[in-house]
Amino acid sequence: MKLCIALDNPSKEENLKLAKELKEYAKELWLKVGFRSYIRDGAEFIKELKLMGYNVFLDLKLYDIPNTMADAAEEIANLGVDMFNVHASAGSIALKTVMQRLEKYEKRPLVLAVTALTSFTDEEFKKIYGDSIENKAKEFAKLSHEAGLDGVVCSAFESKMIKNITDEKFITLTPGIRPFGEDAGDQARVADISLAKEQKVDFIVVGRPIYKDEDPKAKVEKILNKIKEI
């Protein structure tokens, strides 16, 4: 299981400061760049993180018509990121079109599909998608696997189930991890490290519990040690 840190600080300077503080762990860590950081800091920020030796996950959750998604995927691949995501609900044609566009790259980024945002409660999810999170997560995972994607973004509660219906090597990445039971904030379906490991999660994403900690480096060390222990 790998640790991916969400760089969601209010300034580029704060994000770079954190990345520099953790540089000795660059080979063990992934850094997630989301909407806020990418819109504000752009491609140059990605390059700076890559120069420090980090693996970068660009979290933009592409969702559009197939050709537009494929165009965006190509530009993302050109940035040199190591992983990015799309929405599974964009549909099979869109997912396949994205993967076909990336075939020309000798080393392409990993592509994951978002099943259900971890901020959703089951009740809220049903109002929009007409079914339970569990059922739709299964459906979206199968769809993504059949389209040739590398994995999905899901909560820890769906991870093992998804691997059982797709492939053990099909990647699951889980946001909203609260390593040691920290406040859930705006996340509805959170998990700690032990549950994530038990559910065979491949990547855990941790943001606020690290970058809001008084000693982020010590917190990261504690998380990495916990991952190795279990």
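Any Cβ shown, glycine's included, is placed from N, Cα and C.
What you see is a predicted model, and the numbers here were worked out from it, not measured in a lab.
DSSP assigns K61 (active site, proton donor) to a strand in the three-state reduction. Every protein chain considered, the tally of other Cβ atoms within 10 Å of the Cβ of K61 (active site, proton donor) stands at 17. What Swiss-Prot records for D8, K32, 59-68, T118, R178, Q187, 207-208 is substrate binding site, and it gives sequence analysis as the kind of evidence.
Taken from Swiss-Prot, the feature active site, proton donor covers K61, and the record attributes it to sequence analysis.
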Exercise. Show which residues of the chain containing D8 (substrate binding site), separated from it by at least 6 in sequence, have their CB under 8 Å from its CB.
Key: G34, R36, S37, G207, R208, Y211
Quiz item: If you draw a 10 Å sphere on the Cβ of L60 (substrate binding site), how many other Cβ atoms land inside?
Solution: 16
Quiz item: For P66 (substrate binding site), which DSSP three-state class applies?
Solution: helix
